[in-house]
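Q: Below is the structure I would like to discuss, written out as C-alpha cells.
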Amino acid sequence: MEEIELSKTFGFEAAHFLPNVPEGHKCKRMHGHSFRFAVYLKGEIDPHTGWIMDFGELKSIVKPILDEHLDHYVLNDVPGLENPTSENIAVWLWNQLKPKLPLLDKITLYETCTSSCVYRGPKK
C-alpha cells in the first residue's frame, strides 16, 4: 500500500483580542483576520476508491465546525478560545477535528498571509 498526505484549505473571518499581552500591545485591542487553515490527512490509498478520503466528505466534516463556532464570531467568546492566539486556535481545531478525522496528521493555521503555525497533535 502507498501512504500519501492529502490537504484541504478552509477559511473563516473572525475578530479577537489577546487578553494576556502587555498593555499597549496592538493585539490587546479587538481586531479581525481572514484566517485560513489547511487540514492534512495521512494514510494509505484505498485500492478501490483510489483516495484516502473524498474531499467532499472532508468538507462536510470541517465546514459545520467553522459555521457554528468560528466564522464571523468573536473568538474570545468561543469556549476554549478565551485566549485566541494562533497556537491556541490550531490546538482547538485539532481537538474538534481529530475525533472525526482519525487520519488527521497536522493543521497549519494562517493568521495572515505571512504568519502561520503548525500543530501536529499532542506529544506521544
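A Cβ is built for glycine as well, from the same backbone N, Cα and C atoms used for every other residue.
For His16, His31, His33, the entry in TrEMBL reads Zn(2+) binding site. The active site, proton acceptor annotation in TrEMBL covers Cys27. Among the features that TrEMBL reports, active site, charge relay system is placed at His72, Glu111.
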Q: Sort out for me which one of His16, His31, His33, His72 has the most neighbouring CB atoms within 10 A, since those are the recorded positions we care about.
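A: Neighbour-count leader: His16.
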Q: Which one is it, among the recorded positions His16, Cys27, His31, His33, His72, that lies nearest to Glu111 (active site, charge relay system) by Cα separation?
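A: So, spelling it out, the nearest of the recorded positions is His33.
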Q: Neighbourhood of the Zn(2+) site (His16, His31, His33): other residues with Cβ within 8 Å of the Cβ centroid, in order?
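A: Checked against the 8 Å cutoff, the neighbours are Ala14, Ala15, Phe17, Cys27, Met30, Gly32, Leu75, Pro84, Glu111.
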Q: C-alpha of His33 (Zn(2+) binding site) to C-alpha of Cys27 (active site, proton acceptor): distance in Å?
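A: One finds 11 Å between the Cα atoms of these residues.
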Q: Give the sequence-ordered list of residues that share a chain with Cys27 (active site, proton acceptor), lie 6 or more positions from it, and have CB atoms under 8 Å from its CB.
A: Phe17, Leu18, Val21
Q: In which DSSP state, out of helix, strand and coil, do we find Cys27 (active site, proton acceptor)?
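A: DSSP call for Cys27 (active site, proton acceptor): helix.
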Q: Using C-alpha atoms only, work out the spacing between His16 (Zn(2+) binding site) and His72 (active site, charge relay system) and round it to an integer in Å.
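A: Answer for this pair: 10 Å between alpha carbons.
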Q: If one measures from the C-alpha of His72 (active site, charge relay system) to the C-alpha of His31 (Zn(2+) binding site), what distance in angstrom results, rounded to a whole number?
A: 12
